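This report concerns only the one structure given below.
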Amino acid sequence: MPQTQRPLYIPYSGPNLLETPLLNKGSAFSKEERAAFNLTGLLPPRYESIEEQAERAYMQYRSFETPINKHIYLRAIQDNNETLFYRLLTDHLEEMMPIIYTPTVGDACEKFSDIYRSSRGLFISYSERDQIDDILRNATKQKVKVIVVTDGERILGLGDQGIGGMGIPIGKLSLYTACGGISPAYTLPVMLDVGTNNEKLLEDPMYMGARHKRIEQDEYDEFLDKFIKAVTRRWPGVMLQFEDFAQPNAMPLLRRYRDEVCCFNDDIQGTASVTVGTLLAACRQKGKKLSEQKVVFVGAGSAGCGIAEQIMIQMTAEGLTEEQAKRQIFMVDRFGLVMDTMDGLRDFQQALAQKTSDLNAWEYSGEYPSLLDVMHCAEPDILIGVSGQAGLFTEQVISTMAKNVERPIIFPLSNPSKHVEAHPADVLKWSEGKAIVATGSPFGEVEYDGRIYPIAQCNNSYIFPGIGLGVLSVKSERVSDEMLRVASKTLANASPSANGKGEALLPAFNDLTQLSKDIAFAVGKVAQQEGLALEIDDDTLRERIDNNFWKPEYRFYKRVSI
């Protein structure tokens, strides 16, 4: 079989080698390797290429009818032969991304304890808080460079899934590798089990997590601090990604640690970056700048406020003052428009609250303006949904917006798809085909009035793999706001609509390899400019990015004794 790159020296043999997913090649072990590693007779006699293996695996994959069974099958391959898994995934990325991640990963999280087959990553329980250093040493991977960690409290739009939240770090890191070329040998999913408040899980005899309510806030803060300090001791320079933490913890954790360790929150910053990139592409379709648009958010949690903050950063880069940018952003929560007179606002919400004194000319009947009131009075150009509440974008809301704006930009971003604020077909119908639409979950093309409308998916996979690749390639000490902004700009520049290649806002998923490299280059340049990484010339940076980009190809093995 053709093998690529330099030989890899392996101390394992026999069943131990076959049971090591990072090294197992299955039927692709050559005759010489089978003899050298005591594999003769342990495998069928035929020697196969990875292409032949992938063809068989794809045939088996297609035999499963339901998305969750396809997900289980792909995970089984991943736990047996990671190289084959990533070859299969990259060969069929657009088809399999919704299976390995959203929306199917949501079902996998809900069914985690029922479909559990084998362990992957680390599970760190609160009861083991004094053993974190030992647990990290138990990791099967020794050179970890990227960690995705969750506590399972806010899984997609599904709420508290307890230990089932582990499906998210596993799926997210699969995309770091498939889209960003980060070797699976350098990635580690981590589940912090601090209990669950989901009574259904606590009463489920199959539930595999700790059977107690979530711990108190002071205990939680101390536990997270112990974990982060232990991680940076074990793997200095590791990039730590927070994933699906609930609102009371998500933004405080990010603000507490972002200037201390190399970390970012994909729900806040990754979502913000991909959304801003898609907005920039949509604004180009209109021939406008983002700074010329008024934006309404439905949902004022950490994700919505994170997007709003990134929009403000882009608007100020285009020439507005921070105060001018703030006046063009309207946050709506379940009580109505977020205003400075509201009680109980968190710090990040207060920073985006509209001044009551600026709205004296508005007419509304309730204590605070409703979403429909805001649509009438603000006449926004952009409507973004991050509420997790299906159906909030009603026909009246959309039609009102379309009457005031020639080409409204409407992004119902909540996922999974059953929680989307409005379906794209309805948005186009109610706006009479005028809306530019992107969603958080995957939707197919929409036909309206004899015209086909492509529906972009604001999938964070457009952004975070490239950020990770860039951070690793220059060994950046931090992830900065400017790094996120240039990632957005790079995504917008890759828009087919911006390059005269149709109306699609975002490139096809099959083009993510080059996009990730382009984002990595832009991010790496900013890291150097901001003094977060040692300076290197552009050619060296591109060479590092290419060298760091792992490909799912087999290497020839030579045996070594230890």
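Just so it is clear, glycine is given a Cβ too, placed from its N, Cα and C backbone atoms.
Quantities reported herein were computed from a predicted structural model and do not represent experimental measurements.
Mapped onto three states, the DSSP output places Tyr101 (active site, proton donor) in coil. The active site, proton donor feature in Swiss-Prot is assigned to Tyr101.
The NAD(+) binding site annotation in Swiss-Prot covers Arg154, Asp267, Asn415 and is backed by sequence analysis. Counted within 10 Å of its Cβ, the other Cβ atoms near Arg154 (NAD(+) binding site) come to 25, all protein chains included.
The divalent metal cation binding site annotation in Swiss-Prot covers Glu243, Asp244, Asp267, and the record cites sequence analysis as its basis. Taking Cβ-Cβ distances under 8 Å and a sequence gap of 6 or more within the same chain, the neighbours of Asp244 (divalent metal cation binding site) are Thr150, Asp151, Gly152, Glu153, Arg154, Ile155, Leu156, Gly165, Ile168, Asp267. In the three-state DSSP assignment, the secondary structure recorded for Asp244 (divalent metal cation binding site) is coil.
The site 'Important for activity' feature in Swiss-Prot is assigned to Asp267; the stated evidence is sequence analysis. Its Cβ taken as reference, Asp267 (NAD(+) binding site) is surrounded by 27 other Cβ atoms within 10 Å in the chains shown.
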Tyr101 (active site, proton donor) and Glu243 (divalent metal cation binding site), distance between Cα atoms, whole Å: 13
CB contacts for Asn415 (NAD(+) binding site) [other CB atoms within 10 A, all chains]: 23
Cβ neighbour count (within 10 Å, all chains shown) around Tyr101 (active site, proton donor): 24
Chain-mates of Arg154, Asp267, Asn415 with C-beta within 8 Å of site centroid, NAD(+): Ile155, Leu156, Gly157, Asp244, Thr271, Ala303, Gly388
